[in-house]
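Working notes for the structure below.
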Amino acid sequence: MVPSVLSTGLAVLNISEGNRVTEFILLSFPCPREMRILLFAVFSLTYVLTLMGNGSIIWAVRLDQRLHTPMYILLANFSFLEICYTNTTVPNMLANFLSESKTISFTACFLQFYFFFSTGGTEIFFLSLMAFDRYLAICQPLHYPTIMTGRFCIKLVLLCWVTGFLCFPIPIYFMSQLPFCGPNVIDHFICDPGPLMALTCIHASGIELSFSIIPSLAIFLTFPFILGSYTLVFRAVLRVPSASGRKKAFSTCGSHLTVVSLFFGSVLVMYITPTSGHTATTQKIITLFYSVFTPLVNPLIYSLRNKEMKNALRKVQMSMKILPNK
């Protein structure tokens, strides 16, 4: 696949006097121009729907005073995170569909790498925080209002953001210092560790291992915590005498668990095993799943089974209809 691209002139190396690559070519999805235009249309629609879905949840929480509770504040922040997460990859992927050069500068590549991994790491911590919130609300209902205050909730949100953005700068910095001698063609639609490591002049097993260890630590510290929290929640829900109460609790927690399964399932496959163990096609499909598909369906998962959120979204729809008439 790469030789054919080289023959078209796409992969002409841009290397400085020190024989160092100064830009990369994101191969993305090699196909005829007609197919690339179709993919551009499909992913543009997906991108717009993702922004609208997550933006609607943020707006709904802001408009409806009844949603000014920790659970919905966390959900609004999670939706904002999903917007940030999508913006690290999709706009550049869309531009590449219409571009003939498909180039990205060395600095831009590693910046995308950093923000993509940092927002992904933040999402892991957010899912843990949301599980903790549901545990307190259902298993400790009398203490919940005094523990999960608005101020404490905001502190936990900030902690998730800060922790997520502090996990990866050091290994990403050391990777950026490795010699990239060429070729400079990345067989992916984002700057990901596996394809990047394949382009280095030396085999840096320590750096490659770090990109398995850090996500592994984050996942194996948070995933059992999430499962444990929901196990305790479900045990408590089963003891609720009211059938309507059980249904509401199961609906809310079921939505959370669906999102957890979608995200953690794909991330476990991608980053727990060494990055060199996946084919380029497998890497692209898995990355598409958790970076494009999951942020698209999360608003649907959280809103379709939540009566309060559906009512708030109707208010958003009504407010959007009223605004043009003013």
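Backbone N, Cα and C define each Cβ position, glycine as well.
Residues annotated as domain 'G-protein coupled receptors family 1 profile' in TrEMBL: 53-302.
Listed by sequence, the residues of this chain that lie at least six past the ends of the transmembrane segment (37-60) yet keep a Cβ under 8 A from its Cβ atoms are 29, 31, 67, 75-76, 79-80, 82-83, 86, 90-91, 93-94, 97-98, 292, 295-296, 298-300, 302-303, 309, 312-313, 315-316. Summarising the annotation, TrEMBL assigns transmembrane segment to 37-60 (among others).
Counting only same-chain residues 6+ beyond the ends of the transmembrane segment (72-90), those with a CB under 8 A from a CB of the stretch are 43, 46-47, 50-51, 53-55, 57-58, 61-62, 112, 115-116, 119-120, 122-123, 126, 129-130, 133, 150, 153-154, 157, 189-190, 287, 291-292, 295, 298-299, 302, 308-309. Look at TrEMBL and you will find 72-90 (among others) tagged as transmembrane segment.
Here TrEMBL flags 110-132 (among others) as transmembrane segment. Tertiary neighbourhood of the transmembrane segment (110-132): same-chain residues 71, 74-75, 77-78, 81-82, 84-85, 88-89, 92, 104, 156-157, 159-161, 163-165, 167-169, 172, 175-176, 190-193, 196, 215, 218-219, 222, 225-226, 229-230, 256, 259-260, 263-264, 267, 290-291, selected by CB-CB distance under 8 Å and a gap of 6+ residues from either end.
Taken from TrEMBL, the feature transmembrane segment applies to 152-174 (among others).
What TrEMBL lists as transmembrane segment is 213-238 (among others).
The transmembrane segment annotation in TrEMBL covers 250-273 (among others).
If you look up TrEMBL, you'll see 285-304 (among others) marked as transmembrane segment. The list of residues near the transmembrane segment (285-304) in space but at least 6 beyond its ends in sequence, with Cβ under 8 angstroms from a Cβ of it, reads 43, 46-47, 49-50, 53-54, 56-57, 75, 78-79, 82-83, 85-86, 88-90, 116, 120, 188-190, 192, 255, 258-259, 262-263, 266-267, 269-270, 278, 310, 313.
Outside the transmembrane segment (152-174), and at least 6 residues removed from its termini, the chain residues within Cβ reach (under 8 Å) are 70, 73-74, 77, 110, 113-114, 117-126, 129, 133, 207, 210-211, 214, 218.
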